[in-house]
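Only one structure is covered here, and it is reproduced in the block below.
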2 protein chains.
Amino acid sequence: MAKGILFVLSGPSGVGKGTVCTALRGKLPKLVYSVSATTRSPRLGEEEGINYFFKTREQFMNMMQNDQLLEHAEYVGNYYGTPRDFVEKTLESGNDIILEIEVQGALQVKEKFPEGVFIFLLPPSLDELKDRIQGRGTESQATIDHRMSVAVDEISLMQHYDYAVVNDEIDSACKRIESIIVAEHCKVRR
Amino acid sequence: MAKGILFVLSGPSGVGKGTVCTALRGKLPKLVYSVSATTRSPRLGEEEGINYFFKTREQFMNMMQNDQLLEHAEYVGNYYGTPRDFVEKTLESGNDIILEIEVQGALQVKEKFPEGVFIFLLPPSLDELKDRIQGRGTESQATIDHRMSVAVDEISLMQHYDYAVVNDEIDSACKRIESIIVAEHCKVRR
């Protein structure tokens, strides 16, 4: 059986990665969603191996040291990462896998998994991205300014990606990503 | 304005290039179909610049010598070729262009236009291709054998192409080609 393909969907915070990923679910039967490992405690209703692989801090550090994570990051005191094992087993089974991760994490994956397909989700414009970040209504002006400056830095990393998809409208962004997945399966070099 | 992309659809004789190309028409508004130059006489209803650019043998030879053709071939005593000018003007206008040509011609185009996207149309199987060639009902056994042997040689040239699309069913083959066109427009390196 042909191995599956690893797709990485990334882009600046606020661009709508999660929404697009949710909308993609169910559209491609052979596409599996990566499950992250985390040191944070399970929330009500979250299931081991479905929402996350819940790990102690010691277990997580061991995974890092043994190169069992394709990428990892710390976020408000907890660690998050992509278990290599889950990704490799999914690909071996002939299914594709998609990772929805931050820009820095995606570049870590690219180093360990250069045969992956890296998709960068872009806002229609920087103004639009600012609106989306402000729209959450929970951030101070300083936080918004900081996030915007991070976003601009992240967009400059787009050159390391294979594809750029503008998230102008969720449905069209999804269709472009579906097209990328279909096209990658038609590549002669695979 | 962004330049368009040159797509080349090729594959062995009998695989259904023409049928797939006809089915694609109208599905992608920015996709223009290349018009070939030929030395053969116009048939009833054929229009200059629509069906072909009709040329005298001398005009055609001049085009060849002045590198005004991306590829050319002789077929039952007449010359056929792809005018470079028509292709380049279409791309400059921001439209894509698709060439439906034989395998050898496609490789000539690749030499002159390596930035093109080369799609190889494959039969579901060699048996199926034989059925299709036989199905025309107009060929002798020797001709069928010869065509099959040419087809096998041509399929071995698939490695020089970017994509391979199996023509198992016209509608799915078309959808895969449409996906390739959409995905190529999302490529970061463009």
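Our numbering is plain: 1 for the first residue shown, then up by one each step along the chain.
Note that Cβ sites are derived from N, Cα and C of the backbone, with glycine treated the same way.
Copied from TrEMBL, the annotated features are:
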{"type": "BINDING", "residues": "A:GLY11, A:PRO12, A:SER13, A:GLY14, A:VAL15, A:GLY16, A:LYS17, A:GLY18", "note": "ATP binding site"}
{"type": "DOMAIN", "residues": "A:4-182", "note": "domain 'Guanylate kinase-like'"}
Lowest local Cβ density among A:GLY11, A:SER13, A:LYS17, which the record lists as binding-site residues, within 10 Å: A:SER13
Which of A:PRO12, A:GLY14, A:GLY16, A:GLY18, all binding-site residues, has a Cβ with the fewest other Cβ atoms inside 10 Å: A:GLY18
Neighbourhood of A:VAL15 (ATP binding site), C-beta criterion under 8 angstroms, separation at least six: A:LEU121, A:LEU122, A:PRO123, A:LEU129, A:ARG132, A:ALA151, A:ASN167
8 Å Cβ shell about A:GLY11, A:PRO12, A:SER13, A:GLY14, A:VAL15, A:GLY16, A:LYS17, A:GLY18 centroid, ATP site members excluded: A:LEU121, A:PRO123, A:ASN167
For the domain 'Guanylate kinase-like' (A:4-182), mean pLDDT (0 to 100): 94
